[in-house]
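Enquirer: Here it is, the structure in full.
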Amino acid sequence: MPKNSKAVKRELDDDVTESVRDLLSNEDACDDSFKKTSLIVDSPEGEGKECDVEEGGSDGEEERPAWNSKLQYILAQVGFSVGLGNVWRFPYLCQKNGGGAYLVPYLILLVLIGIPLFFLELAVGQRIRRGSIGVWNYISPRLGGIGFASCVVCFFVALYYNVIISWSLFYFSQSFQQPLPWHECPLVNNKTSTFVVPECEKSSATTYYWYRKALDISDSISEGGGLNWKMTLCLLAAWSMVCLAMIKGIQSSGKVMYFSSLFPYVVLICFLARALLLKGSVDGIRHMFTPKLEIMLEAKVWREAATQVFFALGLGFGGVIAFSSYNKRNNNCHFDAVLVSFINFFTSVLATLVVFAVLGFKANIMNSKCISVNTNKIVSLLGNGIEPSLIPHHINLTQVSQVSADDYHQMIEILRGVKENEYQNLGLEPCSIEAELNKAVQGTGLAFIAFTEAMTHFPASPFWSVMFFFMLINLGLGSMIGTMTGITTPILDAFKVRKEILCVVCCVIAFLLGLLFVQRSGNYFVTMFDDYSAGLPLTVVVILENISVAWIYGTKRFMQDLEDMLGFRPYAFYFYMWKYVSPAILVVLIAATVIEMAISPAGYNAWEEAEGSERFHSYPPWALAMAYALIVVAMLPLPIIFIVRHFNLISDGSNKLSVSYRKGMMKDISNLEEQDEQRFILNKNASEAPSPMPPHRAYLGPGGTQEMTNTNYGTSTKTGYQNIGSPESEL
């Protein structure tokens, strides 16, 4: 201890406990670095044991769980970030926003906001070793609401995300049939005739099966219609899977990740290999990579690319921080951030290749059906509106199935030219592979309708259907484990509860609340939660994370922490990204999101049974109030925590932290796990007094170079967080 500390004058045999704030106020200013250094604690065996004050480690404390291997940790992060959005959201955005040209803004924004913010979350979780609530309480108590808001958003997302897994479970269970139950429209038999169900005839077999057989959907959100018992059982099975995967914490979920993270890649590669052998797959891939450069200049494309980058990496959910908090302090989280980000990107590209190859095959089949129908119409009109002499002699219309696409288009061009004014009256539908591929489909429409319809034309279609939906289950399970970890880890850090009990309680509560989504109108509530519960709140959470680290904690200080933790200094690129570029982009993204919500009508697509199609409906007043309540509830912790901490209505914990000493041996503190900002100060003997000439090291920041003093105490010291030399470092 410094010579002028009052603690030195006290009897060493007496236990002394006093406020950390009072104790540290008596220390020399030049010894500030002592607050954040590691100390050597004499173990009962007499051997020195290193104890990091930031970890608050002690012999009597149960150690924080850790990953079994680096591979397990990487797979957990990949499993969390790579989810259903990579399969059905990214291909849709690529199709909608210029094909291959969309990859350019996506990559640029991945580098500007994706990797830096992902790196930031990994670093703070790994260094502070707490969940989202503990991390942001530590960095800035007034912004401690960030962690609570993150948990609320995680809970909202988990409620409806697991419903999607339950849908996949239902389709998976129905795929062990030949032919598949959605292969063709069902027939209705009565005493006089047999006919196709009108609702199915007006739509398609897969569309009918999805809306009527799977969801048994109601006509509007106001018509609850009671529970769909099949989906209720599937939801129960989905939550049971999540509970079993997480019941032992990372010890159980880490093992699950070996399969759930790797299996989707096996399926995607198998699907790509199979799809490339199908007729028309090349047309789909060519359509994907044909850039529409003029679309790339639109602001909407960049906004949607930024949003996709943001959600693809799972920023703001708390799962990234929770997973990294179980790492060793010296783990190279910069390498992890870059690796996981690009694995995520290449997974999206791989999934897009698969989707477009399969959709190209489907478009080719639909085009062939269209040609066959139109050719039959032409045959029926020969001599009755179409002169037989207009048909080229090499085209044999007696065998309609033998008419090729080239022959058909040649015949159509002739008819257009000769019967320019009468062509519309012929009733011929336009047949084009390009038009089929331009039909933008995303989300459940892609997975449960378009892709499912394409698989019915695969040889051995039940096998591919089983593989596809099993892949969706694994993708969803990996993301659900990360989302639920973002909820349970902060609670386990703050309260002494058994993880098994907490896991079961959370899953039971979530299942009961999730019954809202398995009633007949449940799909409309899934749409509402997807649109409102996560988008704007998560963006606000992440920009506050960025500000709290870069502007309140201090970017220079954070860079120094990273150097002490990693053993090397991150590139100055990150300094400018965290300080200026990423916050600016996030502000623009928030503004664009608010404007989009203001100008776009609030509503949903309801299924019209009589018409066999979807129609846009505006939300009724109660549903609109519920939608906006989701946003308010998710962001409510931010102002509440700020107000109560600003006016000291509740303590931020800093005045309650205490230290104990006795003859150079640290006293065990029983409530160590309950504190987020622990500091241990150990009184040393006179022989262990610090050297009068402390060593100096240069602190290099983007703004220049300055000297930082690091005082060594005892025989072995490890540098921790530095809080000197930067005007930004005051909390």
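The count begins at 1 with the first shown residue.
Including glycine, each Cβ sits where the backbone N, Cα and C put it.
Remember, it's a predicted structure, so these values are computed and weren't measured experimentally.
Under the heading region 'Disordered', TrEMBL lists 42-64, 686-731. The compositional bias 'Acidic residues' annotation in TrEMBL covers 52-62. The transmembrane segment annotation in TrEMBL covers 73-91, 103-124, 145-172, 227-247, 256-277, 305-326, 338-359, 463-489, 501-520, 532-553, 573-599, 619-644. Look at TrEMBL and you will find Gly79, Val82, Asn86, Asn344, Leu475, Ser479 tagged as Na(+) binding site. Look at TrEMBL and you will find 706-731 tagged as compositional bias 'Polar residues'.
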Enquirer: Fewest other CB within 10 angstroms, which one of the binding-site residues Val82, Leu475?
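Expert: Among the binding-site residues Val82, Leu475, the sparsest Cβ neighbourhood within 10 Å belongs to Val82.
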Enquirer: For the binding-site residues listed here (Asn86, Ser479), tell me which residue's CB has the most neighbouring CB atoms inside 10 Å.
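Expert: The residue with the most neighbouring Cβ atoms within 10 Å is Ser479.
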Enquirer: Please tell me whether the transmembrane segment (73-91) and the transmembrane segment (256-277) touch - that is, whether there are at least 3 C-beta pairs under 8 Å between them, with each pair 6 or more apart in sequence.
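Expert: They are in contact.
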Enquirer: To test your reading of the Na(+) site: which residues beyond Gly79, Val82, Asn86, Asn344, Leu475, Ser479, same chain only, put their Cβ within 8 Å of the Cβ centroid of those residues?
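Expert: Apart from the listed residues, the neighbours are Val78, Phe80, Ser81, Gly83, Leu84, Gly85, Ser261, Pro264, Thr347, Gly478.
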Enquirer: For each of the binding-site residues (Gly79, Asn344), count the other CB atoms lying within 10 A of its CB, then report the residue with the highest count.
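Expert: Of the binding-site residues Gly79, Asn344, the highest Cβ count within 10 Å belongs to Gly79.
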Enquirer: In the same chain, who gets a Cβ under 8 Å from the transmembrane segment (532-553) while lying at least 6 residues past its ends?
Expert: 117, 120-121, 124, 136, 139-140, 143, 146, 149-150, 152-153, 156-157, 160, 307, 310-311, 315-317, 578-579, 582-583, 586-587, 589-590, 593-594, 597, 627-628, 630-631, 634-635, 638, 728-729, 731
Enquirer: Would you confirm whether the transmembrane segment (338-359) and the transmembrane segment (619-644) meet the contact rule of 3 or more C-beta pairs below 8 angstroms, pairs 6 or more apart in sequence?
Expert: no
Enquirer: What same-chain residues lie close to the transmembrane segment (145-172): Cβ under 8 Å, and 6 or more beyond its ends?
Expert: 84, 131-137, 214, 230-231, 234-235, 237-239, 241-242, 316-319, 444, 447-448, 452, 465-466, 469-470, 472-473, 476-477, 479-480, 483-484, 486-487, 490, 510, 513-514, 516-518, 522, 525-526, 529-530, 533-534, 537-538, 540-541, 544-545, 548, 630, 633-642
Enquirer: Of the stretches 227-247, 305-326, 463-489, 573-599, which racks up the most C-beta pairs under 8 Å with the transmembrane segment (256-277)?
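Expert: Of the candidates 227-247, 305-326, 463-489, 573-599, 463-489 scores highest.
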Enquirer: Return the stretch with the most CB pairs under 8 A relative to the transmembrane segment (103-124), choosing among 227-247, 305-326, 463-489.
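Expert: Selected stretch: 305-326, with the most Cβ pairs under 8 Å.
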